[in-house]
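Engineer: Feature annotation from TrEMBL assigns domain 'Amino acid transporter transmembrane' to 2-375. What TrEMBL records for 20-43, 76-95, 115-132, 144-166, 178-198, 210-233, 253-281, 293-313, 319-339, 359-379 is transmembrane segment.
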Amino acid sequence: LQGIFVLGLPYALLHSGYSGLFLIVLAAALCCYTGKILIACLYEENEDGQLIRARDTYEDIANACCKKVSPRLGGIVINVTQVTELIMTCILYLVVSGNLLSHSFSYVPVTEKTWSIIAFLTLLPCVFIKTLKIVSKLSQLCSLVHFIIIFVVMTYCLTQIHQWSWAKFRLSLEFEDFLVSMGVIIFSYTSQIFLPTLEGSMKNPGEFRCMLNWTHFFACVLKTTFALSAFLTWGEETREVVTDNLPSFLQTLVNLCLLTKALLSYPLPFFAATEIVYACISRGNYFNHTSPLFALCVRSLFLLLTLLMAMFIPHFALLMGLTGSVTGAAMTFLLPSLFHLKLKWNKLSFFEKCADISVFILGFLCSLAGIVCSIKGLLKVFGEG
């Protein structure tokens, strides 16, 4: 919930003004809600009226919804969507790592792509990750580095508090700029793709809803405080990644922390994607999927694929925006609300049905707006080329 997207929130406020503050709170509430209804789809009541976990994954939920059409159709759609989003996330971390290394060591005559390859070499041990425990330890380190970055930026902003002025906020908005801001804010909260695995791994799954409430509440407070402090400090000069506004002596330190964070963030989507791919392959009888060597080969091929795509796909950022608008909105808003309506229709109150339908419509509009903006950006770039 506190990923690299957070660093773009002050820039989002620049283009969304007071409505951006409202969006940060609204996005937290909506993503928390869709997380809960997604997990609710994992459970069914038994004959005694007790809730039992009838499904284990996002794929199982999709298959249950589409079983009358095709037993596997829903799962295939979900797996393709999940792997696409995860692989694009992994590639983004490689691209970001190369960019940060290039800026941090600009005096070294090495191209950005070469720096990405160097970053890739540090990620080779990922092929030996077999359990979520290792990933969770790396994620803890990632969180620690993230809070160091936030602390440095916040501390600097507080030293400039005498310059803060609410007059810096916009009252009039450009519609396209607002849509971009909305995308950054909403997708800074997305975590639904990991929630079924997370809930299933908890010692006490009954605490899941409480955990989701508190994490989204604190994420909302931290995002609002950080975005507001940074925007009030730099105003109209706020850059897309707010760390670029820092003085040079702090910028190098923060860039190295961001590099560490990007590298530590890679294992989570990498592990999740390879587990999905491995599970799909192992259902067939064509390979000896119990062999550790086979699992190692799957992870190695996936790792290599992310490097090749990071090296050779032009205009990756725009393609990432396009993919995120489709897969991100689908996994976060469209599918959870659709599945909840399908599986729980007879047990939902009128208010709950209205809430699910509203979330679905909002998700569809967000997705459509993001697709239009991304395609316009791609056409502009290719037109200039």
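Cβ coordinates are placed from backbone N, Cα and C, and glycine is handled just like the others.
I'd like to know what surrounds each of these features in this structure.
Structural biologist: Long-range Cβ contacts of the transmembrane segment (20-43) within its own chain (Cβ-Cβ under 8 Å, at least 6 residues beyond either end) map to 9, 12-13, 51-56, 58, 60-61, 64, 181-182, 185-186, 188-192, 195-196, 199, 208-209, 212-213, 216-217, 219-220, 223-224, 227-228, 332-333, 336-337, 339-340, 343-344, 355-356, 359, 362.
Sequence-distant contacts of the transmembrane segment (178-198) (same chain, at least 6 residues past either end, Cβ-Cβ under 8 Å): 1, 3, 5-6, 8-9, 11-13, 15-16, 19-20, 23-24, 27-28, 30-31, 34-35, 38-39, 42, 56-58, 61, 82, 85-86, 132, 216, 219, 223, 268, 272, 321, 324-325, 328, 331-332, 336, 366, 369-370, 373.
Same-chain residues lying 6 or more positions outside the transmembrane segment (253-281) and placing a CB less than 8 Å from one of its CB atoms are 3-4, 7, 59, 79, 82-83, 86-87, 89-90, 93-94, 96-97, 100-101, 103-104, 119, 122-123, 126, 129, 132, 134-135, 138-139, 141-142, 145-146, 148-149, 152-153, 193-194, 197, 243, 246, 287, 289, 295, 298-299, 302-303, 306.
Nonlocal intrachain contacts for the transmembrane segment (293-313), taken as residues 6+ away from its ends with a CB within less than 8 angstroms of a stretch CB, comprise 87, 90-91, 94-95, 98, 113, 116-117, 120, 123-124, 126-130, 270, 273-274, 277-278, 281, 287, 319.
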Engineer: Can you tell me which of 76-95, 115-132, 210-233 gets the most C-beta pairs within less than 8 Å of the transmembrane segment (144-166)?
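Structural biologist: Stretch with the highest Cβ contact count: 210-233.
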